[in-house]
Amino acid sequence: MGDWSALGKLLDKVQAYSTAGGKVWLSVLFIFRILLLGTAVESAWGDEQSAFRCNTQQPGCENVCYDKSFPISHVRFWVLQIIFVSVPTLLYLAHVFYVMRKEEKLNKKEEELKVAQTDGVNVEMHLKQIEIKKFKYGIEEHGKVKMRGGLLRTYIISILFKSVFEVAFLLIQWYIYGFSLSAVYTCKRDPCPHQVDCFLSRPTEKTIFIIFMLVVSLVSLALNIIELFYVFFKGVKDRVKGKSDPYHATTGPLSPSKDCGSPKYAYFNGCSSPTAPLSPMSPPGYKLVTGDRNNSSCRNYNKQASEQNWANYSAEQNRMGQAGSTISNSHAQPFDFPDDNQNSKKLATGHELQPLAIVDQRPSSRASSRASSRPRPDDLEI
């Protein structure tokens with residue numbers, strides 16, 4: 001037999017990307033098929049045709065009788081069987097190499113984007129797209145490849161083809177020469193002058209090897225079926241768990257929120273620009289419409305911006321209070337604002353709020369003046 005080292009090295013690489021059932025199947029293939037075929041089986045069938053004798057002296061009769069009894073040698077038949085059942089596994093290995101090549105490209109691109117991010121370039125959306133692609137290809141941290149998506153489908157298809165090839169070769173072997181060998185074969189074929197008897201060398205030993213290879217084929221077929229069910233239920237389980245995965249819900253296009261695009265208010269609420277011009281004061285009873293607090297891009301809060309907002313608001317109310325105007329308390333409500341580190345560094349550290357002096361032009365009555373001079377339990381001590 002030829003050298004099996006090349007095929008063995010390729011199949012050995014599949015071990016790292018197979019399930020437990022796949023690893024057992026590869027072990028059976030290596031030990032009980034390739035190793036046994038290259039050592040014991042080849043020596044048993046080495047003198048196959050030379051030891052095939054017929055009770056005639058007619059030239060060419062033994063050759064035609066041997067060709068009729070054994071259209072293909074058992075050893076070559078098993079070699080073809082090993083090659084065919086290994087091809088789907090090699091195709092799956094090619095898909096794994098393709099995913100690993102994709103991983104190298106994505107990692108290289110991710111490093112370039114991170115370098116650009118240190119220079120102040122906004123690359124968050126591109127980095128998010130790379131993470132989604134890695135999840136799609138089944139790439140995890142530390143170079144580990146997980147069976148997911150197209151890789152999982154390729155693995156299932158490879159198991160199906162291996163099972164089909166196992167069944168097909170078992171049927172072909174049974175159709176050609178069965179699962180046992182006889183000591184005597186009767187042949188009546190030209191150029192034999194009459195019906196002749198041909199004798200096979202070591203039929204019992206060869207029958208034992210045939211039965212052994214049959215059992216190994218059945219074990220491999222059973223492992224393929226078990227692995228197929230295991231991968232199927234594992235895929236269903238991952239699909240159910242995938243609903244809670246952070247990447248599972250990322251199906252829409254990655255685009256920034258449109259709510260934060262237009263600067264409408266001078267205060268730093270959730271959807272306003274810190275550099276927007278001051279808007280005129282609202283009339284009494286008007287409620288300031290702030291941004292959507294549930295927006296994921298407007299959830300973070302900045303302490304310094306909050307203090308600056310209230311300082312601006314206090315200054316405006318003081319000016320309006322000195323002019324004799326009153327402002328409804330409904331205007332004083334908290335604001336939402338984004339967590340912008342660059343803008344927060346430029347803002348002041350905040351000011352203490354001064355109480356608003358509300359001027360009332362009407363003269364106070366005696367009752368009200370007496371009531372106002374009495375201390376009340378809810379009065380504040382200054």
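Here the Cβ of each residue, glycine as well, is placed from N, Cα and C on the backbone.
If you look up Swiss-Prot, you'll see 2-23 (among others) marked as topological domain 'Cytoplasmic', on the strength of similarity to another entry.
According to Swiss-Prot, the feature transmembrane segment maps to 24-44 (among others), an assignment based on sequence analysis.
Positions annotated as topological domain 'Extracellular' by Swiss-Prot: 45-76 (among others). If one looks beyond the topological domain 'Extracellular' (45-76) by at least 6 residues along the same chain, the residues whose Cβ comes under 8 Å of a Cβ in the stretch are 1, 37, 176-177, 185, 187, 189-193, 196-202, 206, 209-210.
Look at Swiss-Prot and you will find 77-97 (among others) tagged as transmembrane segment, backed by sequence analysis.
What Swiss-Prot records for 98-155 (among others) is topological domain 'Cytoplasmic'. Across all of the topological domain 'Cytoplasmic' (98-155), the predicted model scores a mean pLDDT of 67.
Here Swiss-Prot flags LYS144 (among others) as SUMO cross-link, drawing on similarity to another entry.
Panel annotation: around the transmembrane segment (156-176), residues 25, 71-72, 77, 80-81, 84-85, 87-89, 91-92, 214, 217-218, 220-221, 224-225, 227-228, 231-232, 235 of the same chain, lying at least six beyond its termini, place a Cβ under 8 Å from a Cβ of the stretch. Sequence annotations record features per position, and here Swiss-Prot assigns transmembrane segment to 156-176 (among others).
Residue counts for the topological domain 'Extracellular' (177-207) under DSSP, helix first, then strand, then coil, are 6 helix, 8 strand, 17 coil. Annotated topological domain 'Extracellular' per Swiss-Prot: 177-207 (among others), in sequence order.
Residues annotated as transmembrane segment in Swiss-Prot, with sequence analysis given as evidence: 208-228 (among others). If one looks beyond the transmembrane segment (208-228) by at least 6 residues along the same chain, the residues whose Cβ comes under 8 Å of a Cβ in the stretch are 19, 21-22, 24-25, 28-29, 32-33, 36, 40-41, 44, 74, 78, 81, 85, 156, 159-160, 162-163, 166-167, 169-170, 173, 179-181.
Look at Swiss-Prot and you will find 229-382 (among others) tagged as topological domain 'Cytoplasmic'.
The feature SUMO cross-link is assigned by Swiss-Prot to LYS237 (among others). Sequence-distant neighbours of LYS237 (SUMO cross-link) (same chain, 6+ apart, CB under 8 A from its CB) do not exist here.
According to Swiss-Prot, the region 'Interaction with NOV' annotation covers 244-382.
Annotated phosphotyrosine per Swiss-Prot: TYR247, in sequence order.
Among the features that Swiss-Prot reports, phosphoserine is placed at SER255 (among others), with the record citing similarity to another entry.
What Swiss-Prot records for SER262 (among others) is phosphoserine, and it gives similarity to another entry as the kind of evidence.
The region 'Interaction with UBQLN4' annotation in Swiss-Prot covers 264-382.
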Contact set, same chain, for the transmembrane segment (24-44): CB under 8 Å, 6 or more residues outside the stretch: 1, 4, 7-8, 11-12, 14-15, 18, 74-75, 78-79, 82, 85-86, 89, 162, 202, 205-206, 209, 212-213, 216, 219-220, 223-224, 227
Protein Cβ atoms within 10 Å of SER314 (phosphoserine), excluding its own: 17
Non-local residues, at least 6 beyond the ends, that sit with Cβ under 8 Å of the topological domain 'Extracellular' (177-207): 44-45, 47-48, 51-56, 58-62, 64-66, 68-70, 74, 214
DSSP helix/strand/coil residue counts for the topological domain 'Extracellular' (45-76): 12 helix, 2 strand, 18 coil
Three-state secondary structure, which DSSP defines for LYS237 (SUMO cross-link): helix
